[in-house]
Every structure is written in structure tokens, then in C-alpha cells.
Amino acid sequence: MKILICNDDGYQASGIIALYEALKIVADVEVVAPEQNNSAKSNALTLHSPMYVQTAANGFRYINGTPADCVHIALTGLLGYRPDLVVSGINNGANMGDDTIYSGTVGAAMEGYLFGIPSIAFSQTEKGWAHIDVAARRARELVEQLMPSLEVVAEGAQPALAPWLLNVNIPNLPDDQIQGVKVARLGRRHAAERVITQTSPRGETMYWIGGAGPAKEAGEGTDFYATSQKFVSITPLHVDLTDHERLPYWEQAAARLTQAH
């Protein structure tokens, strides 16, 4: 099995190194990742400046672009083959609830999904790499569980669920404190904290985006709740942003506008 690994923290981050070391035991693994930290770049693609691919001493390839750029370039020419799985991470910090909209980690996995390849975004819920070895081992265990279905896809017999996109958050805890795995829906956060302003040495006002807001929908069944109870959370995602519940309302509103003319 062939796996493409990306991330948004950059090719030198501890999370992607640990993930590579864990997955190379069970698959042929290739790393194509951003040169620099690209957190919160979502699905952004670079369209107005050139990008370059370089190779690090450990064989990782890195690009002066976004996480989605890296996956896009890898899949459209750099690799020369189609991987069976795209994996992104392990991110330094959670990607739960509304985080998934902004996350470069999720954006990289989503790019793989958009190309019809099963994809997984892995994140560790608390910043810092205290238990990154645990997170990497848990990530490998999940991939191993999914291998039979991935092999079916590779042989050309597409199961009904393929492709799929999973968002996985792993508690930053010792292995014996993790309670298991729960499939959960996305929770929600309050709006981001107030923008931070500072004055530059030249007297100019500088602005920094405030921190993520606290959880506001974090009840049972959400990713926030699962990880708070020391479970690994797994959330299946898709890219359909249609508000299906309100479609009938807007159809009626459009009909009234049509009648008015």
C-alpha cells in the first residue's frame, strides 16, 4: 500500500516525523509537505507565484506552498503514481468543530479526498509533543484497521463509501489513559477572541488574529465531548456545504421573486 503524508506545521515538525516513522512500518510512505508552518491555510492554493520542490536530507520533499498545494502537486505530477491513502498530520493542537473550516491539516486531507482518494487528518488535542509517540501509534492502528478496504479500492472494486474523509483527534495523553475510540459529529465554537493590536517600532498599528473561541456546542456526541472524556474522536467529513434544511425556504423565496417579475 502506498501512502502520501502531508501536514500544515511544516516538513520539520515532530508530528509529521513521528507519523512517517509509524506508517513506514506498514506501507510505502512518501512525504510532501510545506517548507514553513502553514496553519489555518484551509484549502488555499497558490496561483500567482511559482513553487519549488526541494528534498531534505531525510528524503522528505517540501514545497514553498500551502498544505493543499503540496497534495495537489504530488497527485498531479510529482509522485508519478496514485497513492492508496492521503494522510495529514499529526497536527500540533486540536482540529475540532469550526477548526476544520480553517485547518490546513484538514485542507491537505480534503485535497486528497477531492481527487477521489481516501484521506485522513490527524491532530493531537493539546499543543506540545509530550505523547506524540502515542498519537503516531494510534494513527497507525487506525490505518491498519482500514487497510483491507483500501486494498479493495486499489484493486479497482470501489466500495460504496469510497472515497471518504476522516478527521481524527487524539488526546495528548499516555496510552493507558486513552479510553478508546468514538465516532462523533463536529461541535461548534464561539467566535474567535478579539483581535490583538500592537504598535510597531515605527508607530504603526499591527494586528494579530485572536485565539480560537471556546466550545459552545460540546455536548455528548460531539468531538469536543469525546476528547474531553479521553477518547480518540473520529468524524467523517464531506465537502457539500449546501444548507439542505433551508433549501425549501429559499426555493419559495426565489419563486416569489420570479412571480414579482
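These residue numbers are counts, starting from 1, taken along the chain as shown.
The backbone N, Cα and C atoms fix where each Cβ goes, and this holds for glycine too.
The annotation in Swiss-Prot ties Asp8, Asp9, Ser39 to divalent metal cation, and of the candidates under consideration, Asn64, Asn91, Asn167, the one tied to the same site is Asn91. The most densely surrounded of the binding-site residues Asp8, Asp9 is Asp8 (count of other Cβ atoms within 10 A of its Cβ). Neighbour density at the Cβ, taken as the number of other Cβ atoms within 10 Å, is lowest among the binding-site residues Ser39, Asn91 for Ser39. DSSP assigns Asn91 (divalent metal cation binding site) to a strand segment in the three-state reduction.
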